[in-house]
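**Q** One structure, as structure tokens, below. Some questions next.
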Amino acid sequence: MNDKLVFLGLLYFVQGIPYGLQSSLLPVYLRGAGHSLTRIGFTKVLYFPWVLKVLWAPLVDRIGTKRRWLVATVSGLALTCLASSALAPEMHIWGVAGTLLAMNTLASVQDIAVDGAAVGLLKGRGELGLGNTAQVVGYKAGSVFAGGGLLAVIDVAGWSWMFMLLTFVYAGVALFVWGATVLDEELMRGQQADCSRRAGHGADALMPWRVWRKLLAVPGTAWTVLYVLTYKLGEQGAVTMFPLFLLDHHMTARELGFWNGVIAMGFSICGSSLGGLLLAQFSIGALMRRVFVLRTVSMVFQSTLLTVLEPSPLMKGMAVLSMSVQHFLGGLITTLTFTTMMHCTQRAEESIQATHYSFLATLEVLGKLTFSALAGGVVDWFGFQVAFFFFLTLSAGTALHVWTATFTGALREHQLKEQPK
């Protein structure tokens, strides 16, 4: 089991690096250069390959092996970072945007392959919880490394050296995956031996509506689709806009890089880790019901801080506390969510499991991406106070949606607490 966790955690770590670059480093850089919140929000279009990944997920399911897809995509990320190191963002902003778009494309294909490997490797509730903890923690650790750590040192090391470091990181991981023994386990060999059998589904490839019918027919898919589209809406708006509110009134970019990019994300990783441990002890429905209520309460607290415009040590302390609690609960919710998604995917037939999970993951990204792109415009039009009331309303609605499902909907089957192993 430890080999599986290290393998998955490392791959999700390098997958989180592009997100960290764009979610933490790029917005602060652009805001410091005087760009509007609306324009900053529209940089989320660079995440668009994540929305399209479901279109090529069937290819990853049916062509080649997971090892080859992983080595190819991680090596491509290394080459892209090498190209980025030769560009100066002040002079080649469109070139930088192009390399970030390429990084997202490669990372999205890598995500399909590693998710497919995870669905096959993880068995039982205990492994699902720990495996999804490795997924979320690894991804967020990569985001912290790129968004918080590199933001704190970019003034000293410079853009070129930063991307040279990332080149070596990706190259090392590609070598690790090439020799990883976890992909040689009997389970994975069995899946790869079935490639010839899966090739017999050529009719499905030519008539993709058959695949979509299979995807939507998997039990629990309809509820999970609605859930992943909406569960992060209010939280995502707050997470995106609150640091920029602090940048306008209370903190410098360097302070935000430390408190929001490192400390708060550290709390997020702790929350994600705790989620995996709790899943080994309690039912997922009971956990989700309580955590979503706590998240709504934390957003009420954060919204009240928007009325304090004068900088003060007390306000900074409360802001850091608010971001830390919000990231902690967000990390916990993310682990529970990805476990729910994987549990749903394991009900699908093996030949479409990677596609099914990629379908759910694409919708999860689509929900967050769409609202993140619009959140800046909402703030510019209505102000921080009105916008955060809207975010709070969305969060409360999601809590009600989850609460209902734990009693009468898709999460009801998880309601009874199971005894720890």
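Just so it is clear, glycine is given a Cβ too, placed from its N, Cα and C backbone atoms.
TrEMBL lists these features:
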type     : residues : note
TRANSMEM : 40-57    : transmembrane segment
TRANSMEM : 69-88    : transmembrane segment
TRANSMEM : 159-183  : transmembrane segment
TRANSMEM : 215-234  : transmembrane segment
TRANSMEM : 258-280  : transmembrane segment
TRANSMEM : 292-309  : transmembrane segment
TRANSMEM : 315-338  : transmembrane segment
TRANSMEM : 359-382  : transmembrane segment
TRANSMEM : 388-411  : transmembrane segment
**Q** Sort out the residues at least 6 away from either end of the transmembrane segment (40-57), same chain, that have Cβ-Cβ distances under 8 Å to it, and list them.
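**A** Distal contacts: 19, 22, 26-27, 30-31, 97, 100-101, 104-105, 107-109, 111-112, 240, 244, 354-355, 358-359, 361-362, 365-366, 369, 372-377.
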**Q** Please work out whether the transmembrane segment (359-382) lies in contact with the transmembrane segment (215-234), by counting C-beta pairs under 8 angstroms that are 6 or more apart in sequence and asking whether there are at least 3.
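**A** Counting Cβ pairs under 8 Å (6 or more apart in sequence), the transmembrane segment (359-382) reaches the transmembrane segment (215-234), since there are 3 or more.
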**Q** Considering only Cβ pairs under 8 Å, which range in 159-183, 215-234, 258-280, 292-309, 388-411 makes the most contacts with the transmembrane segment (315-338)?
**A** 258-280
**Q** With the transmembrane segment (292-309) as the reference, which stretch in 159-183, 258-280, 388-411 has the largest tally of C-beta pairs below 8 Å?
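**A** Answer is 388-411, with the largest number of Cβ pairs below 8 Å.
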